[in-house]
């Protein structure tokens with residue numbers, strides 16, 4: 001059995017915690033790197049060891065290791081989350097008009113919040129009591145004298161994955177950069193109060209309402225435009241119907257004039273051949289005249305049928321045109337109905 005020696009170390013002082021956070025700020029690109037490979041892990045271990053050396057350089061009497069400063073940082077982060085949640089609960093308990101959904105969102109954001117730091121190098125650490133509270137969470141460190149080397153790569157990678165799993169930025173929120181956290185509850189950096197964010201959901205709701213109102217107005221304008229288009233098509237339909245009637249009237253007039261012209265032609269032919277009729281016998285005259293009249297009648301009937309055929313063809317073409325316009329209007333009406341159903345709240 002290997003013996004475990006327990007050595008009680010003193011808590012981190014305010015100066016050590018201040019130095020710890022400053023050094024993490026300088027190396028946040030390495031510590032909070034999204035990549036997880038051997039090279040990055042080695043760089044992270046080196047960064048934590050450098051931070052431990054800077055903390056030890058403060059001269060408080062304790063020699064901190066990279067693992068200890070990592071644990072100290074995680075304790076500090078956990079304390080910040082607890083204070084944030086307590087502050088939110090106090091707001092609700094005091095009757096502050098914070099909706100339940102806003103409280104849940106704020107707590108969720110605090111749980112998933114990535115710890116980062118301000119770029120300001122001049123820190124003013126005023127709330128010393130909070131540092132002492134945070135320091136109390138790290139009261140004892142076990143030093144195991146076993147064959148397994150704490151500085152081995154396997155140990156460091158395992159410890160790093162265990163302790164920094166909630167610190168490394170999540171891929172779901174990779175667009176967020178690890179900037180400085182809101183640590184007003186831990187210590188006071190300035191006396192300017194932060195702007196309350198409880199009205200952000202109401203602001204988003206108002207923006208969505210305005211968007212829906214604008215979309216509704218646009219749909220109303222589109223409906224009016226379709227109504228005007230429908231009326232225009234109706235007027236066009238009436239105009240085409242009048243044109244058809246006019247065309248038919250002109251066609252009938254043309255047929256009447258054609259018949260009149262044939263009538264006058266027959267009369268002219270009958271007056272130009274009196275001598276021929278006198279020379280021919282009475283039998284030939286009676287036989288020739290009915291044949292000519294019958295031929296002219298057949299010719300006129302043939303022309304009339306051709307004109308009627310052309311007129312029916314024209315009417316068929318116009319009917320197909322109106323049917324296409326009717327179908328297009330029906331499709332447009334159906335599209336507008338579907339669009340309204342999709343945008344109404």
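Placement of Cβ uses the backbone N, Cα and C atoms for every residue, glycine included.
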Matching range for Swiss-Prot feature annotation, region 'Disordered', among 102-138, 139-175, 176-212, 213-249: 139-175
For the domain 'Myb-like' (4-77), the number of residues DSSP places in helix, strand and coil: 48 helix, 3 strand, 23 coil
Residues near residue 254 (SUMO2 cross-link) in space but at least six apart in sequence (CB under 8 A): 307
Residues near residue 237 (SUMO2 cross-link) in space but at least six apart in sequence (CB under 8 A): 322, 325
Confidence summary for the domain 'Myb-like' (4-77), mean pLDDT rounded: 86
DSSP-derived class (H/G/I helix, E/B strand, else coil) of residue 254 (SUMO2 cross-link): helix
Neighbour count (Cβ, 10 Å) for residue 9 (SUMO2 cross-link): 15
